[in-house]
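Taken from TrEMBL as is:
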- 114-127: compositional bias 'Acidic residues' (COMPBIAS)
- 171-183: compositional bias 'Basic and acidic residues' (COMPBIAS)
- 187-196: compositional bias 'Acidic residues' (COMPBIAS)
- 19-111: domain 'BRCT' (DOMAIN)
- 219-317: domain 'WGR' (DOMAIN)
- 345-463: domain 'PARP alpha-helical' (DOMAIN)
- 471-688: domain 'PARP catalytic' (DOMAIN)
- 114-200: region 'Disordered' (REGION)
Amino acid sequence: MPPKRKITQSDEGDNTSTTAKNFFDGIIFSFSGTFSVTQSELIKKVENHGSSTAKGVTLKVTHLVSTAEDFKKNSASVQKAKKQGIFIVSEQFIHKCIEASKKLDEKDFIISDSDDAEDEEEEEEEEKVAPPPKRGSKKAAAKRGKEPEPESEESEEDTNKLTTRSKKKTKNVDESKSEKSNTTEEFSSDIEDSDDDSNKVTVKVHGRAAVDMHFPDKNYHVYDDGKDVYDATLNQTEIAQNNNKFYIIQILESDNGQNYTVWNRWGREGLKGIGKRFDYSKANLHAAISLFNEKFFEKTKNPFNNRKNFRKVAGKYDLIELDYSIDDKSEQTKSKPKAATHKKECTLDERVQDLIKLIFDVKMMKRTMAEAKVDLKKMPLGKLSKTQITKGYMVLKEIEEVLLGKSKDNLVSLSSKFYTAIPHVSDNVMQPPPTINSHQMLLAKMTMLQNLADIEIATTLIKEAESDDSNILESHYKNLKTEIIPLDRHTTEFKDIETYVINTYKGKTPEIINVFKIDREGEADRFKKSLHLGNRKLLWHGSRLTNFVGIISQGLRIAPPEAPVSGYRFGKGIYFADIMSLSANYCRTSGSNDFCMLLGDVTLGKTADLYRDQYMEKPINGTNSTLALGSIEPDPKNVHSHTDGYTIPYGKIVDSPYKNKQVSCLEHQYIVYSVDQVQLKYLLQLKY
């Protein structure tokens, strides 16, 4: 690239020397491309430091500010600049010069074919030249796409050693810390750290976001100016192109507030990938913010300052929306939050303590999500926004339309869209996740989102308890907003429930560890609205352990409107059973023989008795609930009337009058379409 031509200065310019502020004096800029800030903002910046600007690449222009993408397209401005032999530089040339308060050497910011290739390395490095998946037989595809059944009634050793790669030479990260320049960390072990206790990675949280676990320096936190948290997790899955990758961008502030780093890390889901850092002094925070904005826009084609209106652009990354509202209180103080010292003494009954430990088990929650192949490193528990889960539901609804023959959209592209919204890790990290091409897989993903939503509630409550100085179990108990009272085994109340368990469980009866009487805050008052309906029964409801914190703290809920209708045989409602073993089918938690079940007082009113599946959003006209008839039932001759006003159908299992009527259900199922018709009464802790 030839040196810039000298510009003839005006008489006024000849008589005044160039001040330190006017380090762009003699330069005429032109701009081509889309930048992290508007062109008018860039023009203002350069003119404030002595430059002139031109709307096009005229003969007087000395520098064209462009982008790698614009250069690759060989736009008209780029063609003219090449022909005239002038500098073609990136936006960073302007920011870095302003940061240094002097004109820097253009050669470090020139955009060229080699620079374009280097930029593409970010998009290709993590792929490890993995070929697109082969189109096998339908049978093979079905085998690859096999997913676990719906379960809700509603690696290599890590050496942890990093190396720094630069254009000139390779050096150890510790040696490079004194060099305040951009460096790239390539990880010696590509496999992400497992959840095994022997291989833990400490994730530093100071404020509203966690520092990327692979950032090599300590004593840094994610920069937060009170309005924006400079943290972005991006994801892109394209099954047809064998893409399943992430891109992390953060501004990290040293704990002493003197230094800032823009940290980027990218790679395939399940691999550590490559990390790159750009270091700035406190005085040049604006340059770090500018680079962050530029990189975010480059990868998403969305401005960071307008991310509330984020729109996914084809071929670009999507933003994983995280919830940064949890720690607002501690952030307002702008001081490092201190971990609360919890009291050791716990006043809760030991049986209640054991229950709290069981349902608040974070390892169990992570294991559940890992089974579903969800990438928790990109979607940290307790930080995932409801909006992100809603995105997942909406895509599943589109997939359902195709499976039902109501849409001709491509399942591969829709599956890619789902995995982009909800990052997954494949069993083989060099292959993309399987296409969601069956109702079975659709139901599995719906169940996964239901579990994820409840786990989010649980982890949010766990984080709230961390700042409470009372006993940690008492803090969890308080956050449930539910009175939980263990029943003594010799009481009539306990024995009635024990009879219900023994008589209505097909197969080997599970062991009853404890029975708790529960009273959710506000639920009794809400339930009074439906008491006039009558026909109250104490019925079973089952769910995985991971969902119980959400259920106890927020009650049983009806699936959201954006959720697909598949799997809801009688519509979106709350499902109950009078045979325990039916509800117990939804309680399986891998790696544990422990499970919990609920008994709810349900006001059924007049039921619509159905022989076959029938989808509905509300009860059939003239009814208050649905009774899906089964071929077996608890003996109707043995029903206990409770003093609270409901009946307990705890008779032994017998054939129902509908056994030979070709009903679609084996057991009776009861469905209500309003949460007002349910009051949870008992929680059972059981073991197989």
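Yeah, the Cβs are placed from backbone N, Cα and C, and that goes for glycine too.
On the 0 to 100 pLDDT scale, the domain 'BRCT' (19-111) averages 88 in this prediction. Sorting the domain 'BRCT' (19-111) by DSSP state (H, G, I as helix; E, B as strand; all else coil) yields 36 helix, 15 strand, 42 coil. Counted with DSSP, the domain 'PARP alpha-helical' (345-463) comes out as 74 helix, 3 strand, 42 coil. Under DSSP, residues within the domain 'WGR' (219-317) fall into helix, strand and coil as 28 helix, 44 strand, 27 coil.
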